Amino acid sequence: MPITHEQPNGFHSKQLNGSGIAKAKAMPYPSDLLSHFVKQHLELESYKNGQEIEIDGYSLSISAVSAAARYNAPVILRDSSTIRDRLEKARSVIVEKIEGSKSVYGVSTGFGGSADTRTSNTLALGNALLQHQHSGVLPSTTNTLSVLPLLDPIASTSMPESWVRGAILIRINSLIRGHSGVRWELIAKMVELLQANITPLVPLRGSISASGDLSPLSYVAGTLMGNPSIRVFDGPAAFGARQIVSSVKALEEHNITPISLLAKEHLGILNGTAFSASVASLVLSDVTHLAMLAQVCTAMGTEVLLGERMNYAPFIHAVARPHPGQTEAARTIWDLLSGSKLAHGHEEEVTIDQDQGELRQDRYPLRTAPQFLGPQIEDILSALNTVTLECNSTTDNPLIDGETGDIHHGGNFQAMSVSNAMEKTRLSLHHIGKLLFAQCAELVHPDMNRGLPPSLAATDPSINYHGKGIDIGIAAYVSELGYLANPVSTHIQSAELHNQAVNSLALISARATINSLEVLSLLTSSYLYMLCQAYDLRALQADFRQGLAEIVQEELRAHFSAHIESLDESPLFDKVISSMYKELNHTTTMDAVPRMVKVAGASTSLLVDFFMANQTSDAMSVAALTALPKFRETVALRAAAKLVALREEYLLGARGPAPASAWLGRTRPIYEFIRVTLGIRMHGTENLGVFQQGLGVQDVTIGQNVSLIHEAIRDGKMRGVVVGLFA
C-alpha cells in the first residue's frame, strides 16, 4: 500500500512506494484565475515583508520565484535529515560507480553526440564541459564606446539579473531533490550567491533548451568555482547601475570561498531547464495580473460605453454555456459592475417605435468578452500548473536513484512542457490585447461610443485630438502582439552532431513571451488612461444634461408662457429635451457654439407641431412661432456657456481630482488610484486655453501620463489595487 506523506508546509503531498522512492505530485493550485491571483499576491507580499523562502525540492511556487528573483527575498534550505540523507545516498552512488570504473554518462563519457569517448579523469571532464559551454557573446568592456551602438550593449547581449536569480533558485530546488548526485555543500554555495546578491553575467542567447539550458547555467557554475573570466553583477544598486566585476573579486568581497566541483557536479548544474522555467515563472507572475486587469478594463469599458451588465448574466454563461474560463470572466465582470450608475443594470422591454434607430445590444468587444477571455484564462491556468510543476521537478540526466543505486539515462532536461506553456500564454496575451484594442477603438470613435467626443477630447474637437495618438499607438501594440504570438517551437533545428535533433527552444519562447507581456502592458496602460478620461467626460455630460434641462425649462416658460400656461407643459418639455439629448449624441464632432445651435434647433419641429395643434387662434400660433428663433438662440448661447463653464470646472480642478467617483461601483478604486494616487488629471487644460502658455507648461505629455500607469503595472502597485477590488 502506498504511504501518503504531507510536507510540513502543507503545499505538497508525495507518495512513497514500497522501496521508499518519492513520487512527485503536482502542487494544488486554485481552479480559477481570481483565486490564484489573490493567493499569489498575498504570498508575494509575505515574502517581500521578510518571510523566508524555504527550499525543499517540492513546494517552490511562482510567487516565491518572483520574490527571490525580483525583490531579493531571503532564501534558505530546509536542512532536514531526510533531505541530507537523500543527497548523500545519491552522491554515494556516483562515488561507487567511479571507484568501480563503471561507465556513466557525463562522469566517464563525453557529452551528447560525443558520448562515445571515455575518460577516468572526471574533474578534467567537468572542466571541459564548462569550457565549451562558456561560448556566449557578452560585451568585452563596460567602458564608453567610440561609436554609438544600435542597441544597449549590456541589455542586448545579457540576461536581466532577475532571470538569472530565478534560475539559480529553481536549479537549487531541482538539485535538493537528490536525483542529481551533487553534494549539500554545492547547493548551499548556490544559496550563498543569492544571499550575497552576486548575479552571474549570462549571455542572452545561445540556449536551445534541449539538454536543458546548458550555456546559461555554465556561467552559474563558473561563478561558483571562481572562474576569473566569468563576470558578475555586484554591489548596491541604490546609487546607479550595479558593477560588473570578475566572479573572483565578487566572491572575495563577500567572503565566499569558491567551491571545487566534483565528478558529475558540473553536469548536475548545467543539465536542467532552470532558465526556461525562471523566465516562464516571471512571465506568468505578471500574466495573471494582466489577465485580471483585462476583466477590470472590460467592466470599466462597459460603464463608459453605457453598456449592459446583462451581457455577463449568469444564465448566459453558468447555465447556457458553462466553460469554466467563460463563466469566471462573466462572474468577475458582473460583480465589478455592482453599484455602477453608468452600466445598465437591467434590459427593459421597449416597443419598436421607442428604440427606433438605437443599437439594440452592445457590440462584440463588450458583449462577447467572457466568451473571448474565457479560453485565455483556461490556457493561462494550464500554463501556471505546468510551469509550477517544472519548478518542482528534477530536470537532469542521468538521474540517480539513491535507494536502489540505479542510474537512469533519460531526457528530463527536454523543456517542451515549458515551450508549450509559453506558446499558449503568448497567444493568450495577443487575444487579450486584441479584445482591449477593439474596446478602446470603439471608445474613441464618435459613431460608436454613445455620445462621447471624438478621441475623447474634453474641449472643442477642432483643436483637440487627444486620443488619436493613443489610437494609433495601440494599433501598433496589437500588431506586434500578433507577430509575437507566432510559435517559436516550429523553428526547431537539429543541433550538436544531430544528437539534439529535437529540442524545445523553451528559453527563446519564454523570452518572446516576456516581450508580449511588455507590449500588452503598454496597451493596457493606454486603455486605462482613456477609460479614466471617458469616466470624467460621462460625469461632465451628466452635469451638462442637467444644466441643459434647467435652461430649456426656463426658456420655454420665458418665451412661451402665454401659450402654455393653461396646458400641461411636462409632455412638451420631455419631448423637447429628449430631442436635444439625441442631437447631443449626433453632434460630438462639433465645437461648442455651433454644436449648441444645432442642439437647440432640434426642438423646432416639435414646437411648431405643438403650437399648431394646441393654439385656439391663428394669431396665437403666429405669436408662438415668432418666438421660436429667439428661444433657439437663447438656449444655444446659454448651453454653450454652460458647457464651457463645466469644462473649466472639470479641467481646472474645481470638481476635485476624481469627479466621476460618484458614478462608479466596484471599479472606483482603479479610477481613483490613477486620478488621485498617480496624480493623472483629466486631459484638456492646454486645449482649453488654446495653448496660450505653450506645450508642456500646464500639463505633462499624454505619454508621460500613460507611462505612470505602465510603471504602476510593472512595479506591482496596480496589482495591489486590483486585488483590493475582490477583498
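Cβ atoms here come from the backbone N, Cα and C positions, even for glycine.
Around TYR105 (active site, proton donor/acceptor), a 10 Å sphere centred on its CB holds 17 further CB atoms from the protein chains shown. Under the three-state DSSP scheme, TYR105 (active site, proton donor/acceptor) falls in the coil class. For TYR105, the entry in Swiss-Prot reads active site, proton donor/acceptor.
Here SER211 (2,3-didehydroalanine (Ser)) comes close to GLY112, ASN271, ASN397, PHE413, GLU496, GLN500: these same-chain residues lie at least six apart in sequence, with C-beta atoms under 8 angstroms from its C-beta. If you look up Swiss-Prot, you'll see SER211 marked as 2,3-didehydroalanine (Ser).
The secondary structure of GLU496 ((E)-cinnamate binding site), as reduced to three states from DSSP, is coil rather than helix or strand. Among the features that Swiss-Prot reports, (E)-cinnamate binding site is placed at ASN271, GLN361, ARG367, ASN397, LYS468, GLU496, ASN499.
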Cβ neighbour count (10 Å, all chains) around GLU496 ((E)-cinnamate binding site) is 16
Suppose we draw a 10 Å sphere around the Cβ of ASN499 ((E)-cinnamate binding site). How many other Cβ atoms does it contain, all chains included?
14
Measuring Cα to Cα, how many Å separate ASN499 ((E)-cinnamate binding site) from TYR105 (active site, proton donor/acceptor)?
14
Measure from the Cβ of LYS468 ((E)-cinnamate binding site) and count the other Cβ atoms within 10 Å, all protein chains considered.
15
Would you kindly give the Cα-Cα distance separating LYS468 ((E)-cinnamate binding site) and TYR105 (active site, proton donor/acceptor), rounded to the nearest Å?
62
For LYS468 ((E)-cinnamate binding site), name the DSSP secondary structure in the helix/strand/coil scheme.
helix
What are the non-local neighbours of GLN361 ((E)-cinnamate binding site), defined as same-chain residues 6+ apart in sequence with CB under 8 A from its CB?
GLU308, ARG367
Within 10 angstroms of the C-beta of ASN397 ((E)-cinnamate binding site), the count of other C-beta atoms across all shown chains comes to 22
